[in-house]
Amino acid sequence: MTVEWLSLAPAVGVCLLVLITPGLLITLGTRVRGFDAVALAPGLSLGVTALTAILASWLGLRWALWIPLVGGLLVGAALLGLRRLLARRDLLDWPRPPRGSAPPVAASWRSRAQGTAWLALLLGTALCLLDLVSAIGDPQGFSQTYDNNFHLNAVRWISETGDASSLTVQQMTSGGQSAGFYPTAWHAVTALALPVAGGSVPAATNAMTLAVGGVVWPLSVVLLVRSMGRFRRGTVLAAGVLSAGCTAFPLLLLWFGILYPNLLGLSVLPAGLAIAVQLLRVSTHRILSTGQAGLLVLPFLAGIALSHPNALMSLLVLSAPILLVRGARQVRAVAAGRIGWGRFLLQLGLIAACLGVLWILWGVVRPADRVLHIWKPEATGPQAIWEAVSMSPMGRYHPEWMVAALVLIGAVSVVRRRRYIWVLLTYLTGAWFYIAVRFLDEAHGRIFITGVWYNDAYRLAALLPVVAVPLAVVGADAVLRVVRHGWEERTWHETRRAHGGTEAAPETIRGQENPSGELPPWVEVPAEGGSAASRSGRGRRRLLHALSAPGPSTALLLLAIVLSTQLGQPMRTMEQDVRERFTVSADSALVDAQEMDVIEHVDQYVPAGQKVLVDPSRGGSLIYALADREVSATHLAYRDDPDAAVLGEKLNQAYSDPSVCEAVESSGYWYVADFPAPALVRNPGHTYPGLEDLVQDGVAEPVYQDGQAQLLRITACGY
């Protein structure tokens, strides 16, 4: 990690402050403690941030760091009051668990389990940050993709206007007309980090990417694994390592799109599943009471919805199997007489209501119909199934064999042991939607089934790690369990031989940790001597025994996961692909090297307060984000303001049409970015015949030029 990347540390710190502190105030208000309080915080912070941004806009307050912090404090205080009310009425853990059921674990900041969770986070964060830094390449780099015009310019717009509301940000592209809703949680947080990122929008954006993909994502994954069950230490550590083991998330969303809001929403999705698991009590390890989970569920849903609506729908649809498992357990409980019919019918009604809400939202929370026909199926059914099973999304990369193998082992373990059924069902649900979007056509229900995700396979490919990693963790636990069982059996037999065949009690061996890998002190080793073959055999047995001990076997498994995922071809190829997308070159898609040079000199030639006419299908729109000068269009999907429409149509007719100079003088568009490189995407609704041949017609003159890219000043209107 270079000094340039380390210079982003303050900006990353501000992003984490906003992503964690408001939510932490909320979790503390519900008496959640330790790792879980921190891990639940980002999803809650997103809701506070987005909602307080809307409220601040209504109140005329300029967006600032104190606003979400105060919002978190107020929500935390309100939930503290509600918690006390529930406690007084003995409803904190309603309905009361059956006799003999495990109560929620006591809230704690310091314990062995807490230490293991923090260590798992450290491993996951280190690996994720290394992947992200390697992929992005340069802290000032930015994605050369269609959507990045909007995302970078939105950060600049929020910083300049002081308005981070989801209800107003599209004024940036609406041409002065009314704007609709757009989720701005990502942009609101990034804008707060802009001052400490040196005023560089790409640097602030990359700092946010490191905070979300490098910290929030592994934090959520480890929390979900903690909520699944009381795993051994090695299994929890494997969760941290596996969070960095899939190319489909977070790196795929940096290569395609670029889908920053989706990246944010999916990064907290595992924490949302953890709340669902605890609320519905489908886990034997309870880290939240029913009351705590119930108090947190609505603020969390608000947060993930305002990060991106299809992240909310992903959470709801992946929670459906958890609801069904809860319902099945209640059917068995009432049949066995463990619960009464009143309690059973109440819970069944609530489960049905939740599924009904999902059904209603399924037809509502989706993009406009015109967007649903853009993405077509690109694979056969068998190919799509293979991509999902082998963790090779979109067929672009080689299979991720280690993750796929652990997922398979996890599935077999679930079926054999009848534990973690909901984990397997959640995986099958996520895999099914990916398979469907890859091969189903519109005649077979494509729009209804996957329209929530724009019928875009990349968005569903990014969902695969969310459902695959928990099942892979179950697989890792199964591997460690089998290895440990073998070590215990071998130790038992060695003990018997050492005592002349007298049987030693297995319970004196089972369950004892031996991190050193050495034989237990009571195991006597036969004296030296005998043939070379027998000595060699004893040596191999001793080595095998040592390596299969709990400590060494855990270390070997973690090392195998790290080496296979981090050094494997899929990860290396993905990082290279992302790096190419973030690199300005002679033929880069959005802004090439010549255009970038012109943009870097814009602030030297364009006075503050004056504007630049651009063709948004090329790189000129990024002048706003990168050079802090207003432009006529900040994204390809925009509406012209009246003056910009006149100039785009007939600026080159300035000498013959008086309306041209009137538009220039009233709007302040005195400069033109003439970038003749091929358009990234052409919007058929916007053409700019008025921006052609300006120099030849004597309407404008170059003030800075690099190759064919040039910045022009309009001279025909007396400037």
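Cβ coordinates are placed from backbone N, Cα and C, and glycine is handled just like the others.
Model, not experiment: these values are computed from the prediction.
Record features, source TrEMBL:
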TRANSMEM  6-26  transmembrane segment
TRANSMEM  38-59  transmembrane segment
TRANSMEM  65-86  transmembrane segment
TRANSMEM  117-137  transmembrane segment
TRANSMEM  203-224  transmembrane segment
TRANSMEM  263-280  transmembrane segment
TRANSMEM  287-305  transmembrane segment
TRANSMEM  311-328  transmembrane segment
TRANSMEM  397-415  transmembrane segment
TRANSMEM  422-440  transmembrane segment
TRANSMEM  460-480  transmembrane segment
REGION    493-536  region 'Disordered'
TRANSMEM  543-563  transmembrane segment
For the transmembrane segment (311-328), sequence-distant contacts whose Cβ falls under 8 Å of one of its Cβ atoms, 6 or more beyond its ends: 261-262, 264-266, 268-269, 272-273, 276-277, 280-282, 301, 304-305, 347-348, 351, 354-355, 357-358, 361-362, 365, 421-422, 425-426, 428-430, 433, 452-453, 463, 466-467
Proximity verdict for the transmembrane segment (397-415) and the transmembrane segment (460-480), three or more C-beta pairs under 8 Å: yes
Among 6-26, 38-59, 117-137, 203-224, 460-480, stretch most in contact with the transmembrane segment (287-305) (C-beta, under 8 angstroms): 38-59
Same-chain residues at least 6 beyond the ends of the transmembrane segment (38-59) whose Cβ lies under 8 Å from its Cβ atoms: 18-24, 26-27, 32, 67-68, 70-72, 75, 117, 163-168, 183-185, 188-189, 216, 219-220, 222-223, 226, 264, 267-268, 271-272, 274-275, 296, 299-307
Selected stretch (most C-beta pairs under 8 A with the transmembrane segment (65-86)) from 6-26, 117-137, 263-280: 6-26
